[in-house]
Amino acid sequence: MGSPAGPRPLRTALRCPLCPQLLLALRLLLALRPVLGTPHPDSKVFLIYNVGVQGCLETKDSLVRLAKGCNASSPSHQWKWVSRNRLFNVGAMQCLGVSWHGANATAGLHPLATYECDRESVNMRWSCRGLGEQLSQHLGARPGNGSLDRGDQARGSQWRTYGTEEDLCSVPYSEIYTIQGNSHGKPCTIPFKYDNQWFHECTSTGREDGHLWCATTQDYGKDERWGFCPIKSNDCETFWDKDHLTNSCYQFNFQSTLSWREAWNSCEQQGANLLSITEIHEQTYINGLLTGYSSTLWIGLNDLDINGGWQWSDNSPLKYLNWESDQPDNPSEENCGVIRTESSGGWQNRDCGIALPYVCKKKPNATTDPFLTDSWSEVKVDCEPSWQSFQSNCYRLVGEKKSWQDAKKTCLRSGGDLVSIHTLSELEFVTKQVKQDVEELWIGLNDLKLQMNFEWSDGTPVRFTYWHPFEPNNFRDSLEDCVTIWGPEGRWNDSPCNQSLPSICKKPGRVSQEKEEDDHGCRKVLPLALA
């Protein structure tokens with residue numbers, strides 16, 4: 001039989017001279033307190049509690065019954081949802097099922113029990129929504145059970161996740177998408193059998209390097225299909241390439257074939273996200289890593305928000321674009337982005353449901369960008385007449401319609417520049433304070449220096465974008481190099497710079513000598529006056 005790695009680790013038996021006394025003390029405690037223990041360290045493990053009986057579901061000799069009380073540290077009380085809508089008992093290392101064969105079946109009685117999870121003649125699929133009702137029916141139908149009376153049987157809603165008011169769907173199973181191995185990124189099958197032992201979570205058993213792995217079919221010994229399990233870490237030592245200039249790390253999963261959302265889940269399970277590209281340097285670095293491969297890979301680019309435009313899944317600003325010619329197309333059907341080696345790292349949009357390789361990105365120990373700090377300034381600023389203060393800056397609406405370049409000159413003459421917007425609260429201020437009859441106006445964002453590489457005219461970094469649906473698009477190569485804000489949500493659109501439109505100027509405010517009042521509430525702001 002093949003193995004995913006090297007020799008098995010040694011197992012050492014523990015000797016305990018005081019164990020008989022400890023067991024006696026434990027039995028006494030159990031007699032005094034029906035509910036004790038702490039939750040299993042596996043966050044997906046829970047206890048199934050019945051409110052009426054005030055007891056938890058347990059296994060004993062493969063049979064399932066309601067115990068009087070609950071013991072969170074007892075494996076026989078511990079359950080978890082696993083692959084294929086099955087319910088796994090940690091103590092029995094088996095799955096909850098109902099057998100339709102045997103002596104009881106002829107009498108119409110189908111007792112609950114736990115079975116080997118690969119047993120085909122047993123129904124092991126459960127709906128978490130209907131599990132409580134089914135438990136009541138099966139437990140009440142068993143001769144001599146005595147745990148549920150007829151009233152209890154009818155109350156499926158009386159079942160809870162122990163220690164909470166949540167139902168039995170509150171600790172769901174999540175697919176674990178594998179890395180490398182030989183399963184093309186397919187998810188783990190939990191539980192799986194390896195070396196005649198069942199595992200209900202990823203394991204390092206059989207590996208000398210300690211990496212966690214899982215089988216992607218029920219029986220590894222039979223199929224030998226496996227992959228590494230994703231883990232969250234603060235380094236880029238394993239499975240990652242690091243750009244030491246930016247400290248960003250990248251993982252290229254060329255052998256995997258997942259949908260866009262599955263690929264996003266795989267990255268998220270590693271504390272990462274699908275690839276975002278926000279700088280020309282980053283595009284160049286990625287192109288270098290793609291050299292020698294022929295592939296189309298998912299990246300984080302998408303327009304899945306029906307109210308917005310193209311965006312990165314990690315919320316990075318969409319300030320640099322590298323669309324191939326005539327892309328994006330089919331906007332109603334192809335809402336996710338890919339990067340292609342055949343076009344030297346060019347981007348296309350594709351149907352999000354197709355299976356493709358993908359790229360993850362993470363930036364360990366990243367610090368908070370000061371331009372993204374969405375908090376009120378602690379100092380009060382003064383602004384000149386016709387200018388309105390917000391946080392530490394002053395703003396003025398210029399009603400006269402001008403081209404983008406002329407609007408910028410007007411702002412420069414007054415000591416400012418066209419407005420740059422760095423946070424959602426600043427965007428809300430700009431959007432809500434302009435007069436309602438101003439439909440569209442210039443802001444400072446533009447790609448005049450380099451096509452599809454957007455910058456703020458005041459030189460501040462682009463850390464936030466808020467595009468309209470299907471934007472930016474440089475419509476029909478019409479040199480849409482300047483950006484406007486319009487609509488009730490204040491979304492952005494790239495437009496020809498020679499349009500005549502109103503604009504907003506922004507400049508730093510003067511620190512006021514007055515002490516800032518602390519009213520513990522929302523600030524009152526006046527509408528921007530037309531200049």
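The backbone N, Cα and C atoms fix where each Cβ goes, glycine too.
Just so it is clear, the model here is predicted, and its values are computed rather than measured.
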C214: disulphide-linked cysteine among C188, C236 [source: TrEMBL]: C188
Disulfide-linked residue for C229, taking TrEMBL as the record, within C202, C236, C249: C202
Cβ atoms near C229 (disulfide bond) (within 10 Å, other residues, all chains): 21
Cβ-based isolation winner (fewest other Cβ atoms within 10 Å) among the disulfide-bonded residues C188, C202, C214: C202
Between C214 (disulfide bond) and C202 (disulfide bond): CA-CA distance (Å): 5
